[in-house]
Amino acid sequence: MAGKMKLFSVTSERPLATKIADYLDIPLCEVELQKFSDGEVKINIEESIRGTNAYVVQSMNSNVNERLMELLIMVDALKRASVHSINIIMPYYGYARQDRKARSREPITAKLMANLIQRAGADRLITVDLHAAQIQGFFNIPIDHLSAIPLIGDYLIENYGEKDVVVVAPDHSGVVRARRIADRLNAPIAILNRKPRPHEDEIMSVIGDVKGKVAIVVDDIIDTGVRATTSADILLEKGAVEVIACATHSVMAGNATERLQNSNIKEVITSDSIDLPEDKQFDKLTTISIGRILGRAIEGVQENRSLHPLF
């Protein structure tokens, strides 16, 4: 790819962007972001970037609407600064759970997100463990859909590989994700048969044997923590000796951290796709960095190499 590499962080993922910069051995470019009294945002890039390949790190965490607007303004600033290409590094893709019309007269906001990012001028999106892989089809630009599952799998092998484990999909749609972890651990899988009702979390049955085993529940997102804690309760009721909760993205909305810390879950394993503030940290939480795989992805894009090993 023609053009020198330039790495930017807008607001949401400065710690992760710093890890990526350290891996690539390049500095983060200076960006001045002003917020006016009415909430408007203004961005100024503090150096010449004409003809470069811009890589912008921005997750859709905390206030997703504000993060999205910052990103769109940043993309516009880069385009008007005559960069060669604009590559978005969005570890956590916001609105991913609104990927279809579940009921009549509902929007498909994940598609709207794709439209906005493309119309603003982005040339590529690099993301991690989309809630629904088919969201890739909402884009007409290249998407590199990476996964934190291998990193989480390696951690589980190191810490639970000698134990009798079962990998649990929290619902039927999570079986593929659970299977990837189970294959790495050479372990069986179980499935929680949930009743698909909005605003309810009722588990009707457990499909598979969990008795006497360490149950590892694998999900893509931990939001309020209710789904993880109810999963743990039913698995322990069915005879599991311990429950470990894993998810790539830790939203930790509301009192999720308190709920998880006080739950029957032994350990919560997640990535740094979302930067959690100090008040969202808790003793049971283990965070695995995805900075290296994102850095390798940027290297691959920059040097026109295959990213297949990162998927």
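Glycine is no exception: its Cβ is also placed from the backbone N, Cα and C atoms.
Per Swiss-Prot, these features apply:
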BINDING   ASP38, GLY39, GLU40, ARG97, GLN98  ATP binding site
BINDING   HIS131  Mg(2+) 1 binding site
BINDING   ASP171  Mg(2+) 2 binding site
BINDING   ASP219  D-ribose 5-phosphate binding site
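Feature annotations (Swiss-Prot) mapped to structure.
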| residue | record | DSSP class |
| --- | --- | --- |
| ASP38 | ATP binding site | coil |
| ARG97 | ATP binding site | coil |
| HIS131 | Mg(2+) 1 binding site | coil |
| ASP171 | Mg(2+) 2 binding site | coil |
| ASP219 | D-ribose 5-phosphate binding site | strand |
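Ranked by how many other Cβ atoms sit within 10 Å of their Cβ, the binding-site residues ARG97, HIS131 place ARG97 at the bottom. Taking the binding-site residues ASP38, GLU40, ASP219 in turn and counting surrounding C-beta atoms within 10 angstroms, the largest count is reached at ASP219.
Binding residues for ATP (ASP38, GLY39, GLU40, ARG97, GLN98) extend across at most 30 Å, taking the greatest CA-CA distance. All protein chains considered, the CB of GLN98 (ATP binding site) has 18 other CB atoms within 10 Å. The Cβ of the residue listed as 'Mg(2+) 2 binding site' has ILE191, LEU192, ASN193, ARG194 as same-chain neighbours under 8 Å, each 6 or more residues away in sequence. The C-beta environment of GLY39 (ATP binding site), restricted to residues of the same chain at least 6 apart in sequence and closer than 8 Å, is empty. Here the Cα atom of GLN98 (ATP binding site) is found 9 Å from that of HIS131 (Mg(2+) 1 binding site). Restricting the binding-site residues ASP38, GLU40, HIS131 to those with a CA within 10 Å of the CA of ASP219 (D-ribose 5-phosphate binding site) leaves HIS131, listed by sequence position.
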